[in-house]
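Everything below concerns the one structure shown next.
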Amino acid sequence: FQFFWLCLNVWLFGKTFLLYNQGLQYYYLHQMLGLGLCVSRASASVLNLNCCLVLLPMCRVLLAFLRGSQKVASKKTRRLLDKSKTFHVTCGVTICIFSVLHVAAHLVNALNFSENYNEEFVTLNAANYRGEVSQLYLMSLLVPGLTGVIMVLVLFLMCTASTYAIRVSNYDIFWYTHNLFFVFYMLLMVHVSGGVLKYQTNLEEHPPGCFNPNKTLRHNLTVPKAFEELFPDYTTEPFPEDLPVPEPFVQNSFMRVCSEEPKFQSHFPETWFWISGPLCLYCVERLYRYIRSNKPVTITSVISHPCNVLEVRMVKDDFEARPGQYVILHCPRVSALESHPFTLTMCPTDTKATFGVHLKVVGDWTERFRDLLLLHSNQDTEILPIFQQRRYPKLYVDGPFGSPFEESLNYEVSLCVAGGIGVTPFASILNTLLDGWKCYKLRRLYFIWVCRDIESFRWFADLLCMLHNKLWQENRPDYINIQLYLSQTDGIQKIIGEKYQALNSRLLIGRPRWKLLFDDIAKCNRRKTIGVFCCGPNKISKILHKLSNSSNSYGTRFEYNKESFS
């Protein structure tokens, strides 16, 4: 996908480059600026395209609608929507690369405006006189220069704060700097209104390079040899009006006689056409999301689980969600601006309105949120009825939004692989199957869960046991294949007791042997399409992606999916 997008941008760059290099309307401007004009305009066209499309993957409501609509989006289209984050990152990287090229080209243009000052067509110049220190003058006084410098600084902050190291060590820096995109787009709107580069409008009356017998001077025009032979006494004085122009000279396609002076006009800012639509769409969606999430939810219970995991259950009027979706939580007492996405581990149904999330306490935001929720309670907080609930802080929920895991119930066979807290997307799916599985296409589920600490399995041990017992009672023990892997043996003495006896036989020590696992699944499901879903470390994800794309001798096809918050 990245290679295809790179080729598309290179094609657009090359096409625009040739337009400005060979276009007659840019003849005089090209003589002044040379390749700097072509590179700056070509890179600008690529920036317009990417600045337009980089916002679309962030329209979460639109993506959720398309993903949830069977009529609007086919299965293949919905799988393409799963690449929304990848597409957003690709556009962002493209913007950074071509911004550097755009800035470098305009620095060359600033120098050429000074060195190649056009005394014949003064309106074409950006400098005031030949030899002006244009790098300092143009970049500090003109609107495009000022806005361009600020935009480069904003883009540098957004780019550096988006690196993996910054996002992992301090997510707040990434979140706050990324919201500078609004400043970037406002500056971009102003940036294109400078009108420094101009094109010729009267090509018919004044073909580029034509001869004006009443004004053109010898030192500004290379006189054809045929003209010198016919007019040996030619001087820089104006031509007499009745002096005939030689026929060979008139017919010369490269040197026609012009009837008037060239007229130049600044480009109409095309960037507005590119970004106004997506920007308005994004702003309308943000307004809709603000109105939808303006009412706080009612927290019904808070449960503290082992290994610094907190479960929050809540209710909200008219809240509907599908298994596999996620929501964005905002707690003003924790942070006035900051909000974070969390996958739903429990979805509301026809019989119950409660929905919930599990969050792992790993950063400043989650630590402050936990302290507020457990301020006046023990660490093992019991579930209280609504009329006895504590005074929890106000919590706002934005969503739900779509994710690839919504497709797990639309395969006949699905393989779900979780690493640690990455089990949360599958918890909502298991809860849904507990309520009833016959209405879904899914007929066999392979559930693989890898954890370092055995206590982590207690997060959803009750859920797994209840689902296991339900399927045994309905004579469908083969519906779900549960495999629990403990990658570290420390604390093995704390193994699950009699309450979770059904899970003891499914607990394995070590890491999964992925190749053998895929071969075994392919052998048991010949000539079928299996959905592979992964939420966990990148190392596991890469292995599963590679195995999903490899062929097997059983005619089984694996379709890979991966959790990706937009």
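Cβ atoms here come from the backbone N, Cα and C positions, even for glycine.
According to TrEMBL, the protein has these features:
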TRANSMEM  42-66  transmembrane segment
TRANSMEM  87-108  transmembrane segment
TRANSMEM  136-161  transmembrane segment
TRANSMEM  173-192  transmembrane segment
DOMAIN    292-407  domain 'FAD-binding FR-type'
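Within its own chain, the transmembrane segment (87-108) has Cβ neighbours under 8 Å at 1-2, 5-6, 9, 13, 33-37, 39-40, 43-44, 46-47, 50-51, 53-54, 57-58, 135, 139, 144, 148, 151-152, 155, 158-159, 162, 566, counting only residues six or more beyond its boundaries. If one looks beyond the transmembrane segment (173-192) by at least 6 residues along the same chain, the residues whose Cβ comes under 8 Å of a Cβ in the stretch are 51, 143-144, 147-148, 150-151, 154-155, 157-158, 161-162, 166-167, 269-272, 275, 279, 337-338. Sequence-remote contacts of a segment are chain residues at least 6 beyond its ends whose Cβ falls under 8 Å from one of its Cβ atoms, and for the transmembrane segment (42-66) they are 9, 12-14, 16-17, 20, 72-73, 77-78, 81, 84-85, 87-88, 91-92, 94-95, 98-99, 101-102, 105, 185, 188, 270-271, 274-275, 277-279, 281-282, 285, 288-289, 325, 399-402, 566.
Using DSSP to sort the residues of the domain 'FAD-binding FR-type' (292-407) gives these counts of helix, strand and coil: 18 helix, 39 strand, 59 coil.
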